[in-house]
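Record features, source TrEMBL:
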TRANSMEM  49-66  transmembrane segment
TRANSMEM  87-113  transmembrane segment
TRANSMEM  162-181  transmembrane segment
TRANSMEM  217-242  transmembrane segment
TRANSMEM  254-275  transmembrane segment
TRANSMEM  282-300  transmembrane segment
TRANSMEM  306-327  transmembrane segment
TRANSMEM  339-359  transmembrane segment
TRANSMEM  365-390  transmembrane segment
Amino acid sequence: MHSTNAPLMSRGMKAVLTSQFLSAFADNALLFAILAQLKAEFYPEWSHPVLQMVFVLTYIILAPFVGQVADRFSKGRVMLLSNLFKFIGALGICLGLNPFICYGLVGIGAASYSPAKYGILGELTGGENLVKANGVMEASTIAAILVGSVVGGILSDINLMLALGTCAVLYALAVIANFYIPHLVAARPSKGWHFKKLFVDFWSACRSLWSNQESRFSLVGTSMFWGAGVTLRFLLVAWVPVALGLQDNATPTYLNAAVAIGIVVGAGLAAKFITLKTVSRCIPAGIVIGVMVVLLALQTSLFPSYVILAILGIFGGLFVVPLNALLQEKGKETVGAGNAIAVQNLGENSAMLIMLGLYSLAMKVGLSVISVGIGFGTVFAVAIAGLWIWDRARKQH
């Protein structure tokens, strides 16, 4: 069991953060390496987003089961096996197997890994250190996403097999790092496996968390944030040539990097200034995110766009980190931290599919990308404002 007085940077915590950084780095480098492979092998354009859809769908399909796995076994060992799945998937791509199937294996590993990586934080530390641990985890993850994406693209330009092989090696190193995580007792050990019971238990966890006001508040907020984040990535790719008149592929990547750097800063600020008792402070940050998207859509110059996206990222970090910590705390008290994160993953990935679907529909009916950006930012700001009003109303009753 964790101690509220446990040091933040224990040996186990360092091992978790190292494993997470390597794994997230490889996840993002691998995505760009596979996209380069699809391009080199003349796969049709429409197949590129299908790759991401396969990844997201593994999260949704496995959502009823991965939280149970994270809580019924030692979370460190679950993380180890999850990284092993990722390694096998990356190795399969290196050996010339179907990239969609292999990336699906990586998705299975990622879906299994997520509840364990966040759930284990509450077992290695507690109290206000849990918010700080989440801040460090979020910052290191975003840094890995940022650097991994760039390195994946650079290595793919040098040599495709070098890029794919590097990803496989990084997953192997993540597996090794997992061996240094202490063998913690399973949070909710259970005998026997019955898939129907797992499914029923998962929906029971869903009902429990969605019926609790604080956990529901966290689930809605984090789902909206990550759904919007994925949509913004695609929006930037379409927006840059129209608004800035730049046709290169690098500029959208650099703009995404500005968001990522901002989130790292925001995550650090959240760990310093927001506690579990003051989570509501994060809500205005969500409204600012929407306002920044509207301001971005109206830009025609590159430098102000970088500034706006960096500010957007800072407020994004301030918004999402406290909500993650709140859900872990409430989940640990009710359905288990692993189950709570699995329910969160279902909400976030469902939001991603819905928001991307709406974005695609808006583009298909002929709306300009600038109009879509303004509408997207406005709707997001209004939705978060509604969440804020709802939060204040529930506290008055």
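A Cβ is built for glycine as well, from the same backbone N, Cα and C atoms used for every other residue.
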Chain residues in Cβ proximity to the transmembrane segment (306-327) (below 8 Å; excluding those fewer than six residues from its ends, i.e. six or more beyond): 118, 130-131, 134-135, 138-139, 142, 209, 214-215, 217-219, 221-222, 225-226, 229, 254-256, 258-271, 274, 276, 278-279, 281-283, 285-286, 288-289, 292-293, 295-296, 299, 340-341, 344
Residue numbers, six or more beyond the limits of the transmembrane segment (365-390), whose CB comes under 8 Å of its CB atoms: 217, 220-221, 224, 228, 231-232, 235, 238-239, 242-243, 280, 283-284, 286-287, 289-298, 359
Beyond the flanks of the transmembrane segment (162-181) by 6 or more, those residues with Cβ under 8 Å of it: 11-12, 14-16, 18-19, 22-23, 25-26, 29-30, 32-34, 36-37, 75-77, 79-80, 83-84, 86-87, 90-91, 93-94, 120, 151-152, 155-156
Distant-in-sequence neighbours of the transmembrane segment (87-113), which means Cβ under 8 A and at least six residues beyond its ends: 23, 26-27, 30, 34, 37-38, 50-51, 54-59, 62-63, 66, 69-70, 78-79, 81, 161, 164-165, 167-168, 171-172, 174-175, 345
When counting Cβ pairs under 8 Å to the transmembrane segment (254-275), the leader among 49-66, 217-242, 282-300, 339-359: 217-242
Cβ contacts under 8 Å made by the transmembrane segment (49-66) with residues that lie 6+ beyond its boundaries: 31, 34-35, 38, 99-100, 103-104, 106-108, 110-112, 114-115, 195, 198-199, 201-203, 338, 342-343, 345-346, 349-350, 352-353
